[in-house]
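Report on one structure; see the data block that follows.
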Amino acid sequence: MAATAVNGVAGTSSSGSAAASGAILQAAAGMYEQLKGEWNRKSPNLSKCGEELGRLKLVLLELNFLPTTGTKLTKQQLILARDIQEIGAQWSILRKDIPSFERYMAQLKCYYFDYKEQLPESAYMHQLLGLNLLFLLSQNRVAEFHTELERLPAKDIQTNVYIKHPVSLEQYLMEGSYNKVFLAKGNIPAESYTFFIDILLDTIRDEIAGCIEKAYEKILFTEATRILFFNTPKKMTDYAKKRGWVLGINNYYSFASQQQKPEDTTIPSTELAKQVIEYARQLEMIV
């Protein structure tokens, strides 16, 4: 009789727990619909989306919906969690929050790769995986870039527009074809790619500017604008101020104070820098 009572209590507890989980799941689905409604607006309120994402993350943890918990999840649960985190990754880009983007992508890769046999392919999968590749390039994490690339089918690498874009950029960087990298900004597969490609272009500009400072005693304003791939004089002026360049007589930037003294020079760095810039010019003419 005691055993029967215990079993009855256990059964009641189990059914009560299931009912509670069902109620929380229903609440999570409702919160997701609110998030999706705000996110799909022409100009979403990013602060409101962030608050919704924060609440949903707590709910997902409570329901053990995240793939790191080891809980066996249903298809419906997995899709709900994946969809929420896809919005989170895209929201992170608009907020320019790189650590947040990286965290969301770490979770999403579990859904894209570990559960690929159980789930229908997400419409945003290739876009976000391509964004992740571009993120790694922008951070100069080339080894990780190739590790992530190895997880993708050869067909996607060769034909998918979202994956091909960062792959092409990496090839241009390996070749030193910086002009092609700058031209690629006008051919991005999605607006969200702008954030990371701008970071990459800023890094390239800094490298070219460093070469200019070592290779030239002075350079004409218009020449610097062209070499650094600026399309307006104002952008060139703003960049020059950031680097501490001062525009002097006859519209020249002077770098005499940054030149190496002959006796301190152990390698022909000035000549090498000039060759690099001349090579970039020749590539620009070819394109």
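Don't overthink the numbers, they just go from 1 along the chain as shown.
Keep in mind that glycine also has a Cβ here, set from the backbone N, Cα and C atoms.
Because the structure is a prediction, the values reported are computed rather than measured.
Listed in Swiss-Prot for this protein:
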type	residues	note
MOD_RES	Ser43	phosphoserine
DOMAIN	99-268	domain 'PCI'
CROSSLNK	Lys234	SUMO2 cross-link
If you rank the recorded positions Ser43, Lys234 by how many other Cβ atoms lie within 10 Å of their Cβ, the lowest count goes to Ser43
Could you give the Cα-Cα distance between Lys234 (SUMO2 cross-link) and Ser43 (phosphoserine), in whole Å? 29
For the domain 'PCI' (99-268), would you mind checking the mean pLDDT of the predicted model? 91
